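Colleague: Supplied in structure tokens, the structure appears directly below.
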Amino acid sequence: MMKFTKQNFIFLAGGIIVYVVDIGVDFSVACKYFCQGHYCWGALILCFRGLSSLIIQIFSYEWFKNDWECTDTGKLKWIFLVHLFQCGIFIRFWFALKYGCQAAFKQTNSKDASETDPPFIQRQVVDVVTDINMLRVFKTFLETTPQLFVQIFILIEHGKFNFCQYAAIFMSFCGISISTVDYQTSLRKPLPDKDEFRLLPKLVYLFYKLLTITSWILSISLIALVSIRSSVSLLIFLWICGFTWTLKQHTTFCKSKKMEYLYRTVVGIILIYTFFNIRGSKTKACISMYYAIHTVVTVGILFVYMFWKPSVIKEIHFTVVSILTVLSLVLGIIFLVVYYKHFHPTIYCRPQAYSDEADGEAGPKERVETGRFQNFIMQ
């Protein structure tokens, strides 16, 4: 298992700051829209924020309940209240800073032998940080990415922006960047005999995700300029495809059936924007098919746009957006190939056991041994 280092601790603290600043920027942008009379845009920003916060609290509380149900039931009452007021993730940030500080800076003097064991402390902080990073992935694709789509659509449609709106776009890109890289880093932490996720592979992975997501957001924005109804219909269709694929994978991420279906719903949303492996199996065929479909749809959108509104082809914004869309997609796929060829993990933990009944449930003992995130190690 790789160690939680001082550098990891600094990045964790920076991620918390970005998370808090992002909340402030979202509310500032929403207030600007309401003050300018753009009530629909302001409501959309707040709806994305509210939806992602609600789902994050549900998963966070469920994980606390699963982890503490046998030993710390007394704490669940105040944990529930904190989550009810939409602040559950800040408890997780507190535990992450506490354990991270012990792992990175301090030597524990506890009389409890288990707590003085450095590997125990390392496992503890890695587990906490991995939970946080998964929740941030949910936030990224339930809130940050849709908000980025709205902001880019407004920019293309109206061309006039204020400082808060530019700040919102910048924070959205920061949020996507940090959450995707931190998530991939956290998956590598438990891997035995695996090198640290160093700067170069981090950058390659970051550009792969960021460029492919940017290309897709620009494509959907172009469709929205022609017809908002068409863009919404396309997104719903893609979600149905992603949700159906997730159902066929018979995932066993959650203990309860209700939570499992909520998880599959969220994964369906993530799959609208980027590839997300959920089985811990080899991804070559799936990821190739996924981005082949994205490429066909993106090119199709550009042709449909030219056919539907030929007069707009001469407009500068269409030329710029089209070039950025194609360039981002091509570069993103190049970075994808480089990452999976040279930097992808080849040694990984065994995948989580599952039953074909699961739409059934794995037993508590199996889950303790394998953990929540063994399924994702090949992502």
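Cβ coordinates come from backbone N, Cα and C, glycine included.
Those TrEMBL annotations? Automatic predictions, nothing curated.
Dumping what TrEMBL says about this protein:
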type     : residues : note
TRANSMEM : 6-27     : transmembrane segment
TRANSMEM : 39-58    : transmembrane segment
TRANSMEM : 78-97    : transmembrane segment
TRANSMEM : 163-183  : transmembrane segment
TRANSMEM : 203-225  : transmembrane segment
TRANSMEM : 232-249  : transmembrane segment
TRANSMEM : 261-278  : transmembrane segment
TRANSMEM : 290-308  : transmembrane segment
TRANSMEM : 320-340  : transmembrane segment
Colleague: For the transmembrane segment (290-308), name the stretch out of 6-27, 39-58, 232-249, 261-278, 320-340 with the most CB-CB pairs under 8 Å.
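Modeller: Between the stretches 6-27, 39-58, 232-249, 261-278, 320-340, 320-340 has the largest tally.
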Colleague: Near the transmembrane segment (39-58), which residues from the same chain, at least 6 beyond its ends, have a CB less than 8 A from one of its CBs?
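Modeller: Sequence-distant neighbours of the transmembrane segment (39-58): 23, 26-27, 29-33, 83-84, 86, 88-89, 135, 138-139, 142-143, 146-147, 150, 154, 259, 262, 266.
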Colleague: Six or more residues beyond either end and a Cβ under 8 Å away: which residues meet both conditions relative to the transmembrane segment (6-27)?
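Modeller: Contacts of the transmembrane segment (6-27) (Cβ under 8 Å, skipping residues fewer than 6 from its ends): 45-46, 49, 89, 93, 96-97, 100-101, 103-105, 129, 136, 144, 147, 164, 167-168, 171, 174-175, 178, 182, 185.
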Colleague: Give the nonlocal contacts of the transmembrane segment (320-340) in its own chain as ranges (CB under 8 Å, at least six residues past its ends).
Modeller: 156, 201, 204-205, 207-216, 218-219, 221-222, 283-284, 287, 291, 294-295, 298, 302
Colleague: Should anything in the same chain at least six residues away from the transmembrane segment (203-225) have a Cβ under 8 Å from its Cβ atoms, list it; otherwise answer none.
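Modeller: 145, 148-149, 152-153, 156-157, 173, 176-177, 180-181, 184, 231, 234-235, 273-274, 291, 294, 297-298, 301-302, 304-305, 318, 321-322, 324-326, 328-329, 331-333, 335-336, 338-339, 342-343.
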Colleague: Give the one range among 78-97, 163-183, 261-278 whose Cβ atoms make the most pairs under 8 Å with those of the transmembrane segment (232-249).
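Modeller: By Cβ pairs under 8 Å, 261-278 leads among 78-97, 163-183, 261-278.
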